[in-house]
Amino acid sequence: MCGIVGYIGAQEATPIILDGLKRLEYRGYDSAGICTLLEGKADKRRSEGKLINLERLIQSTPLAGRIGIGHTRWATHGPPSERNAHPHQAGSIIVVHNGIIENYLELKQRLVTSGRVFNSDTDTEVIAHLIDDKFAGTGDFERAVREALAEVRGAYALCILCEREPGVLIAAKQGSPMVVGLGEGEFFVASDIPAILSHTREMVFMEDGEIVVFRDGHPTFSTVAGAPLDKKSRHIDWSPLMAEKGGYKHFMLKEIFEQPRAVQDTITGRLLEEQGDVRLEEMKLADEQLRGIGRICIVACGTSWHSALVGKFLMEEHCRIPVEVDIASEFRYRNPVIDSKTLLLVISQSGETADTLAALREAKARGAMTAAICNVVDSSIAREAHGVLYTHAGPEIGVASTKAFVTQLVALYLFTIRLGRAVGTIDCEQGRTMIGGLLKVPALLEQALETNEQVERIARRYMNARDFLYLGRGMNYPIALEGALKLKEISYIHAEGYPAGEMKHGPIALIDENMPVVVLVPKNSTYEKVLSNMEEVIARGGRVIAICSAGDEAIAKKAEVTLEVPTDGEELAPIILSVPLQLLAYHVAVLKGTDVDQPRNLAKSVTVE
């Protein structure tokens with residue numbers, strides 16, 4: 001999500017760090033900064049916007065020093081600004097950080113009570129103050145870091161400097177990537193390989209709960225608790241472009257495989273397990289306002305519209321509030337009925353989708369409450385809505401959305417719990433059950449990703465088909481729509497998603513031995529109905545690709561091809577079922593030789609109406 005680069009050695013640190021940050025630009029960012037140490041004094045340069053702004057700042061006021069840390073920030077706590085940009089300093093401690101600290105508010109309140117003053121809105125500054133607080137008591141930099149991290153909950157990749165120990169660089173990892181590069185008398189730290197690949201190909205990959213201390217010309221690895229580790233380096237032969245993609249052939253495949261982490265980042269710090277509730281402070285909707293909602297309109301475009309359709313099922317089922325779902329480009333031209341008891345919820349990955357932004361403005365003008373689900377912090381939609389729920393998917397480079405879609409589904413699930421608790425339709429026990437289900441999702445996604453090789457074989461079998469039909473019922477109908485959209489977006493094969501029960505009202509006329517039909521048939525309340533629809537396809541010679549719950553032998557006996565995934569409960573199944581559909585579209589497109597990451601005629605963010 002963010003980029004980190006650290007250096008300690010005989011060369012000037014700033015050019016190396018700046019070059020590394022440039023090589024991480026593909027990850028997306030909204031601000032950047034560098035800090036070096038020279039003669040025990042920290043010197044920082046930070047700027048909002050692109051790296052060119054930071055570069056110009058450094059050209060006008062150079063940074064000297066042979067030890068330093070740098071960062072590109074994708075905002076999660078606090079809007080993009082110079083004061084929220086990293087590095088952050090508290091006393092003699094300077095920190096750059098990727099990740100999300102779950103208990104930062106609790107730690108911050110304690111530190112403020114003890115007299116500490118904060119200068120930013122970030123969770124990262126809390127880490128700097130906490131380490132400095134420990135350092136004030138121990139006078140030992142390394143010990144202070146270990147003691148501070150013992151109190152931190154959440155995900156982090158950290159690079160830390162101390163003015164009082166200017167020859168030491170410390171890095172730590174928990175839940176966010178961190179790699180160490182080994183050079184000749186010099187060492188590099190980065191959040192991703194591309195940042196340092198031009199300097200060394202000898203890498204040590206840190207694991208969760210590990211810390212590395214660079215002192216006296218060599219690194220010492222250990223656990224945060226202090227147990228020594230014998231880490232082995234690996235030689236990396238990747239090209240720079242391969243490194244940006246994490247070794248994957250395309251950004252889209254990389255982003256498909258990032259989904260477990262993206263979901264974890266989206267729920268981290270938001271779940272109140274004991275209370276059976278969730279914390280969504282950035283939505284700025286108090287319980288009293290939520291109880292005043294008479295109707296919800298969800299407005300979106302493309303993939304986001306498909307997630308909105310799933311949200312309708314969730315909210316009506318659990319919150320008993322009527323929900324309408326509109327395509328943004330249609331919404332503003334039909335004179336919709338909107339009043340002060342209407343909540344307009346818009347969904348946009350980029351936060352800049354022109355039609356969705358126009359719908360938001362229309363609803364605000366009519367007096368509706370407004371909220372947004374966005375991935376990009378401080379985007380136009382995020383700024384103009386009354387409140388926002390950010391999906392922490394990180395930058396999505398591939399035009400065809402994958403991890404942004406899945407995190408939108410998770411965000412809608414979170415909002416459903418919050419709304420249901422506020423209006424009293426979800427009690428504490430039910431909230432705990434729903435949260436328990438959410439906590440399983442990252443692991444279930446990991447299992448679904450294990451079908452990748454099987455999906456590739458299926459893609460090879462059906463890649464020359466001219467048309468595909470995707471069928472689903474209930475909450476899985478929008479997933480059928482999304483699967484069809486993915487295939488047509490990147491493989492240029494015509495595909496349609498349809499409610500399985502509507503097949504006999506038209507599409508059944510198209511079915512023959514040349515048409516693959518992808519049927520979503522997990523074990524749920526409509527299982528028997530979908531099974532019947534599948535039989536109708538088979539009776540007409542259709543070639544059924546069935547995606548079903550793990551262990552469903554009945555489906556395996558009927559379908560031409562079966563893909564089993566771990567669908568844990570009816571309401572979480574849409575999230576898991578998305579994975580094999582994404583993989584199918586991806587592998588068909590690769591086999592057909594299309595431009596997977598930048599398909600023809602499409603743009604990542606549609607900023608024109």
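Note that the numbers count up from 1, one per residue, in the order the chain is shown.
Cβ from N, Cα, C; glycine included.
Annotated in Swiss-Prot:
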ACT_SITE  Cys2  active site, nucleophile
ACT_SITE  Lys604  active site, for Fru-6P isomerization activity
DOMAIN    2-217  domain 'Glutamine amidotransferase type-2'
DOMAIN    286-425  domain 'SIS 1'
DOMAIN    458-599  domain 'SIS 2'
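Cβ neighbour count for the residue listed as 'active site, nucleophile' (all protein chains, 10 Å cutoff from its Cβ): 27. When the domain 'SIS 2' (458-599) is classified with DSSP, helix, strand and coil residues number 72 helix, 30 strand, 40 coil.
The average pLDDT computed for the domain 'SIS 1' (286-425) is 94. The secondary structure of Cys2 (active site, nucleophile), as reduced to three states from DSSP, is coil rather than helix or strand. As a summary of secondary structure, the domain 'SIS 1' (286-425) carries 65 helix, 28 strand, 47 coil according to DSSP.
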